[in-house]
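Structure first, commentary second.
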Amino acid sequence: MAHSRARRRKRASATQLYQTCKLTGTCPPDVIPKVEHNTIADQILKWGSLGVFFGGLGIGTGSGTGGRTGYVPLQTSAKPSITSGPMARPPVVVEPVAPSDPSIVSLIEESAIINAGAPEIVPPAHGGFTITSSETTTPAILDVSVTSHTTTSIFRNPVFTEPSVTQPQPPVEANGHILISAPTVTSHPIEEIPLDTFVVSSSDSGPTSSTPVPGTAPRPRVGLYSRALHQVQVTDPAFLSTPQRLITYDNPVYEGEDVSVQFSHDSIHNAPDEAFMDIIRLHRPAIASRRGLVRYSRIGQRGSMHTRSGKHIGARIHYFYDISPIAQAAEEIEMHPLVAAQDDTFDIYAESFEPGINPTQHPVTNISDTYLTSTPNTVTQPWGNTTVPLSLPNDLFLQSGPDITFPTAPMGTPFSPVTPALPTGPVFITGSGFYLHPAWYFARKRRKRIPLFFSDVAA
């Protein structure tokens, strides 16, 4: 027995369900958004329309009506038909043209002729004219007189010019026949413009020179006494000449004590001076004054720690050695003049004006001893004798007289060189190779002097 299939009943549409279930609140979840146009597609169009305008295309979820203007049928426009026939000309208004002046310009134009002094032409009258004649008794004789020519020369002095006249007038000379003149030249008044002061000086007296005085910049100070440096005083004098002896053993090849010194220690070692332990670098020396002392300073770098990259980490130490104190003098020494106060003349032939001595006689000078005795040449007050030491060799003598003749030593035997023992003939050297003398193998190099200041030390 065949079973009859149950008839399927059509489900109500969303609009019908919305009308019955909206009030009771039993609508399926997809009915209300579809009827109220609140689906995801509607929300996309709603929020996208804020930034995009499609005009009147009518894009939406409603019926496809083509928007407010409807659809335009897609058909080609018909071509306009061209009919053959006579073409009528448009009416043209013809304006009358009047004749104008000719455009031809004559190249030859008559000039106006003015006859000054000619008799005026009187037009004839209709009634005719009358001719009047008279006899002339005065003969036509011209008065011929002798013509005299006058020449005038004018010379200007370029040296002299009147100061008050800016543009002098040309000279004017006149006589009975010639007159030379020129228009008057007037000078314009000079406009005075006050000068503006651009440089403002604070001093009342004003600047004394146009070139400013350059300021003296302070000299940079080396930070030898900062907190980052450890101060160590050295008492060994070898620190001045060979500081490497205080750190490592003496190296005879080393030269130059005024440069930076570097040391490399491969193993643990003891320095000759404990103050220079683990020193890997000594910077250049510097000489300065500190509290009345002349101080010789060097900056040292310790290598207490070594990293794998080869970098050394350590403290910086300031080594200094006081050379000598700068003390003031304990007492002041008065300077005395080297020349005596009296103006004495040490002349062995000076005349004496003392009483009891004949002025025509010369003073007696005893030269048997090694001293000469002289009397000063004074008039007002006698002074004591001045003894001048004079040493005379045994082979020299003095000759009396107004002049002193210096003795001459006898000439000795002329020197004659000894004949050399080497052969005097020509010397020939034959050979293909030569050797340099051992003294020239190592030529001493000139050491470059470097100023004593820290060029590689941070201040």
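Each residue, glycine too, has its Cβ placed from N, Cα and C.
The motif 'Nuclear localization signal' annotation in Swiss-Prot covers 1-12 (among others). Mean predicted confidence for the motif 'Nuclear localization signal' (1-12): the pLDDT average there is 73.
Taking the Cβ of CYS27 (disulfide bond) as reference, residues of its chain lying under 8 Å away and at least six apart in sequence are, in sequence order, LEU17, TYR18, CYS21. If you look up Swiss-Prot, you'll see CYS21-CYS27 marked as disulfide bond, on the strength of sequence analysis.
The feature motif 'Nuclear localization signal' is assigned by Swiss-Prot to 442-450 (among others).
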For CYS21 (disulfide bond), just count the other CB atoms lying within 10 A of its CB, please.
-> 15
DSSP three-state assignment for CYS21 (disulfide bond) | helix
